[in-house]
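Positions annotated as transmembrane segment by TrEMBL: 102-121, 127-148, 177-200, 256-275, 296-319, 366-383, 442-462, 468-486, 498-529. Residues or ranges marked as domain 'STAS' in TrEMBL: 581-649.
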Amino acid sequence: MSRSSSDTHLDKVQIKSASVYNIHGLSGSQHSLSVPPIHKDVVGYRGSNEFILTDDKQSMMDQIKSIGPWMRRKCKNVCRRKILYKRVPVLNWLPKYTMDDAVGDLVAGITVGLTVIPQALAYSSIAGLPAAYGLYGSFVGCFVYILLGSCKDVPMGPTAIASLLTFQACDGVWQRAVLLCFLSGLIELLMGLFGLGFLIDFVSGPVSSGFTSAVSLIILSSQVKDLLGIVAKGNTFIEQWSSIIDDIHNTQLGDALMGFICIIVLLLMRLLPRIKVGPPEETDQSVVQRIINKSLWLIGTARNAIIVIVCGGIGAAFYENGKQPFRMIGDVPSGLPSVQAPPFSVPEVVDGNGTVTQEYESFGDMLGNLGSMLIVIPLIALLENIAICKAFADGKPVDATQELIAIGVSNIANSFVQGYPGTGALSRGAVNNASGVRTPFGGLYTGLLVIFALLFFTPYFFYIPRAALAAIIIAAVIFMIEVRVVKPMWRSKKTDLIPGVATFVACLALPLEYGILVGIGLNILFILYHAARPKIHMDQAVTPCGVKYLMLTPDRCLIFPSVDYVRNLINKHGLKNQIPVVIDCTHIYGADFTAAQVIDTLIKDFKSRNQLLLFLNLKPSVGNVFEGADLEYRVFYDFEQLDKAIRECRRKSIQA
């Protein structure tokens, strides 16, 4: 079969058992594709066993007309039962729900609830918001995730990283924080609907570790002021410590003493779940031993709640007629938040003296203040959530698209009860998993416990010392500093430390959104450099009749950043050896027009010095690119034919 200018239009041609192609060959014949049975030396085809050439051109009007049927097909697919069960995971597990599942979820939900309440109070201080807002964002998302979540271990709510990002974006203005929650959820939902979960693939492990470690240090630094009872401000690590040093002489002894004692106690209580009384296997333990072990585990797991209760009691005992021995979190509004649309403006606030304490902001002003955090927060939220899913997936695939939809709808719902952005927290996820959670239904009990606290316990939150909450945060985030990954990273690939360390330093010195952009940018540069410098394997081969030739095998596709480098290497080896050169294209799965132009120059370089250059196992898609650029080259798919061509060219050169 051959195609020329006089050929009729072929919509689809299927070709099998090809051996050699001569495309715009040395004889000067203008063939788009010359394949057997015309060539007399065909013995077989090496490469893919079958390929299809298509020439399916459509006019602009035809493409416009095809939009309607395409949309109808998409809508039909969305309404399929399979898609419904995939996008509403509760339909999969709820019909198979058992009593054992109910017991496991109840225990896990209450245990996580005892963790989330003190964390929510503490994280709201990181976000620069009143304590109530942490609780407001800790229950509705739990209910929504039951319906849409794909991972049983994810407990929705505020996290340390999300709280810090919220503070940097909103600067303590609750209207901005609630609007940020709504817009972040909307962006997450849209990312999920458009299948953009792959974006987290651009955040490598080293960049993620550098970012998490830097954020942990910034969060720790932000809590030093409450730990010492001083006043300090700042968004970056440097600004915070500069402010702390300026006011450290005002350290309050009571706050500092309580804070450091709480940190020590929390770290010791963290070790309790590891203590085992009796035989290591639970089945071999007596009833008393099992009760002691379960009690130690429960005390260690609920350590934050225990510290809050004890310190709150101490604060109440020493409180006398307005005299506070410690700085306390103050009044927390009683009852559930009102259900209302998120605010799209910030009202002007004037104090009793007529001084404007908060200026009016329109919706546009609020968007300007939120800035790039509208993109950064959804990406980091997905990153945190996927980390939990992967940690407890037991090898099962993680659906990033579904997780985006789940956390997106959860944040949208949270914004209607005045919550700020949240996602799954790895620490609470670990508690959830260790507590024996069976399905996402455990979130129901966590949410109900938070509602119960808002309805009945908010008057007692007044007495909780800020130093105790700061100690809870510090004792948690010090384990988020990922020092342990440095050694294996150094042993496996030292260059991975460059984007990791750069991200860490940039996040400490710059606003967080710029810091992570530095890391992602360095990752992309490494990828581009890797693409621009392919490795070429060189072998000296001999035909059956004793003619030597050089076999060069590039290890990846030919695209514009790499093709000049490849050309120079091939020319270098060709000039050095002065024997026929064969380029094995087995691993070249793609090429572009720039590559075709440079390969054309390479072919002319070899032709000018009468040195043979042949191609082996060229993919049809790459051949189409070369064909479109009018290259004169020869390609083979059989070593017998390749050897015969080299032998023939060698004979002609000797005769000449």
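Here the Cβ of each residue, glycine as well, is placed from N, Cα and C on the backbone.
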Can you work out which residues elsewhere in the same chain, 6+ from the ends of the transmembrane segment (256-275), have a Cβ less than 8 Å from its Cβ atoms?
226-229, 293, 296-297, 299-301, 303-304, 306-307, 311, 314, 326, 434, 465, 467-468, 470-472, 474-475
Taking the transmembrane segment (296-319) as reference, which of 177-200, 366-383, 442-462 has the most Cβ pairs under 8 angstroms?
442-462
Can the transmembrane segment (468-486) be said to touch the transmembrane segment (127-148) if we require at least 3 CB pairs below 8 Å and skip pairs under 6 apart in sequence?
no
Under 8 Å for C-beta pairs, could you tell me which stretch among 102-121, 127-148, 177-200, 442-462 has the largest tally with the transmembrane segment (366-383)?
177-200
Structural state census, the domain 'STAS' (581-649) (DSSP three-state):
36 helix, 13 strand, 20 coil
So if I exclude everything within five residues of the ends of the transmembrane segment (127-148), which remaining residues of that chain have a CB under 8 angstroms from its CBs? That is, six or more out.
87-90, 116-117, 119-121, 154-158, 163-164, 166-167, 170-172, 174, 177, 181, 329-330, 332-333, 337, 402, 405-407, 409-411, 413-414, 416-422, 440-441, 443-444, 446-448, 450-451, 453-454, 458, 461
